[in-house]
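Annotated features, as they stand in TrEMBL:
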TRANSMEM  12-38  transmembrane segment
DOMAIN    12-455  domain 'Major facilitator superfamily (MFS) profile'
TRANSMEM  50-68  transmembrane segment
TRANSMEM  80-99  transmembrane segment
TRANSMEM  105-126  transmembrane segment
TRANSMEM  138-156  transmembrane segment
TRANSMEM  176-195  transmembrane segment
TRANSMEM  254-278  transmembrane segment
TRANSMEM  290-310  transmembrane segment
TRANSMEM  322-344  transmembrane segment
TRANSMEM  350-375  transmembrane segment
TRANSMEM  396-416  transmembrane segment
TRANSMEM  428-448  transmembrane segment
Amino acid sequence: MANKKHMSTNFIYFFGALGGLLFGYDTGVISGAMLFIGKELGIKAGSFEDGFITASVLLGAILGAAIIGPMSDKFGRKKLLLTASIIFFIGALGSGIGINYEVLVTSRVLLGVAVGAASALIPTYLAELAPAEKRGGVGTLFQLMIMTGIFLAYVSNEWLSPHGLFGLGENVGWHWMLGLAAIPAAILFFGGLTLPESPRFLVKKGKIDEAHHVLTQFNSDEKLVDEELHDIKLQASIPSGGFKELFGVMARPVLIMAMGLAIFQQVMGCNTVLYYAPKIFISAGFSEHFALQSHIIIGIFNVLVTVVAVKIMDKIDRKKMLTYGAIGMGVSLLLMSTAMLVLKAGNGNLGSWVCVIALTLYIAFFSATWGPVMWVMIGEAFPLNIRGLGNSFGAVVNWTANFAVSQSFPMLLVAFTPHHAVNAEGQGIAKLFIIYGVLCFVAIWFIAKFTIETRNRTLESLEADLRSKAHAKGHSEAGEPAV
Ligand code: BGC
């Protein structure tokens, strides 16, 4: 075993994280495609069907995230990543063909299942492969892929629309926009075939030699590999847990942490800001052309900031990143609201520019902190015997919060928009952003009170801490590793 050829770790990390690209592309592409889908399939704007084409991916994602956890503890991370890539492929082709509403929505639900599964699976897989001192940066590759996927979706929306580079007809372009996702899905499948299984999972299945071989790919120091393997064996000797353990006393601190991070990441407004960025620019007095172009520029900016996040992730404590991020996001949102409501942003005045700067800052803070850190932390926090299940749970909570925020936004916007005012919608958005801004400050309190620092700790030492704390409180659910 030990003399098997070693594969480049960067190659492994790249393909391990690639599912994030599909996550980003499939969630980002629909806003552009929707402009044309309705016309061809005869769907009325504002109807249930109209909303459901967008929401179907989110609902599928909740389902996908929910079923993947128990399965990944049973079948392994790699097999399920491959299965997810096949579902991605079928979903992308189906929605690209999209001959009628039913086919489109069914395919979008399927895509959602794959997106949700990837979101629960990939952070676990990457956290289990990377050595402790690199785990944050490697986990952030997932967010980098999401952002790259969103960027590619903006580009394809622009190029494949009737006025775009390829000048495709209204009834042609959107099929390509949705269908093109089949290409990265196929790449993920073939690349995924060469990936190693997670060493933690291999040990759990008694495949110690294979686990040893995988670990040596990531660490050339035999002694450290042996120590790591010893620790993993110790944790793996604890029987696999179920919901009882997930909701038990020992896992409670990480369960609360995962739920809180997953909810706050969404209620601080990331998706509405990203989604409504062009509208905000228009409300601030910029032209439609500027607004749409700026969407692409924001996409590039997102990717660049996330590259910076990959570099700094293992140098700064995760809790600090979350705190600074929440302060930055909260201040930017309040600044944006002030620019709209007090400085009366419009026609390129001071308020308009403050608005553009605040929105850019918000996105930078999100992309560098809450975007990646949330996924990294839920990927590493849970004990091995419930890791798949725990991640699944965190991802389900995140997708449900995402669904709740995106579904409530249009309704809240109507409620907050004054009837007779200049730039009424801009005022509505500004008021809503105050709510998200305040929630950013509530998040700071949550981080201080309920999160556990995970940077530079091995997954095994984090787990040992949880067990000894529960043990100290005298709870049997702590479970002792049988040495
Ligand atoms: C969030 C998604 C979001 C994406 C891009 C992820 O970390 O979980 O909801 O769409 O970042 O902003």
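Yeah, the Cβs are placed from backbone N, Cα and C, and that goes for glycine too.
Bear in mind that TrEMBL entries carry predicted annotations, made automatically and left uncurated.
Most Cβ pairs within less than 8 Å of the transmembrane segment (80-99), among stretches 12-38, 176-195, 322-344, 396-416, belong to 176-195. Of the candidate ranges 50-68, 138-156, 322-344, 350-375, 50-68 has the most C-beta pairs within less than 8 angstroms of the transmembrane segment (396-416).
Sequence-distant contacts of the transmembrane segment (322-344) (same chain, at least 6 residues past either end, Cβ-Cβ under 8 Å): 261, 264, 268-269, 273, 280, 283-284, 350-352, 354-355, 357-359, 361-362, 364-366, 368-370, 373, 423, 426-427, 429-431, 433-434, 436-438, 440-441, 443-444, 447-448, 451.
This prediction places the mean pLDDT of the domain 'Major facilitator superfamily (MFS) profile' (12-455) at 90. Sequence-distant contacts of the transmembrane segment (350-375) (same chain, six or more residues past either end, CB-CB distance under 8 Å): 119, 123, 136, 139-140, 142-144, 146-147, 261-262, 264-265, 268, 270, 273-274, 277, 280-281, 284-286, 294, 298, 301-302, 305-306, 308-310, 312-313, 318, 321-322, 324-326, 328-329, 332-333, 335-336, 338-340, 342-344, 398. Highlighted: of the candidate stretches 12-38, 50-68, 105-126, 138-156, 138-156 has the greatest count of Cβ pairs under 8 Å to the transmembrane segment (290-310). Panel annotation: around the transmembrane segment (254-278), residues 31, 150, 246-247, 288, 291-292, 294-295, 298, 322, 326, 329-330, 333, 359, 362-363, 366, 370-371, 373-374, 377-378, 381-383, 390-391, 393-395, 397-398, 401-402, 404-406, 409, 429, 432-433, 436, 439-440, 442-443, 446, 450-452, 466 of the same chain, lying at least six beyond its termini, place a Cβ under 8 Å from a Cβ of the stretch. Sequence-distant contacts of the transmembrane segment (105-126) (same chain, six or more residues past either end, CB-CB distance under 8 Å): 13, 16-17, 19-20, 22-23, 26-27, 30, 52-53, 56-69, 72, 77-78, 80-81, 83-85, 87-88, 90-95, 97-98, 135, 138-139, 141-142, 181, 198, 375-376, 378-380, 387-388, 391-392, 394-396, 398-399.
Non-local neighbours of the transmembrane segment (138-156) in the same chain are 13-14, 16-29, 32, 122-123, 126-127, 129-130, 176-177, 180, 184, 274, 295-296, 299-300, 302-303, 306-307, 309-310, 313, 367, 371-372, 375-376, 379-380; each lies 6+ residues outside the stretch with a CB under 8 Å from one of its CB atoms.
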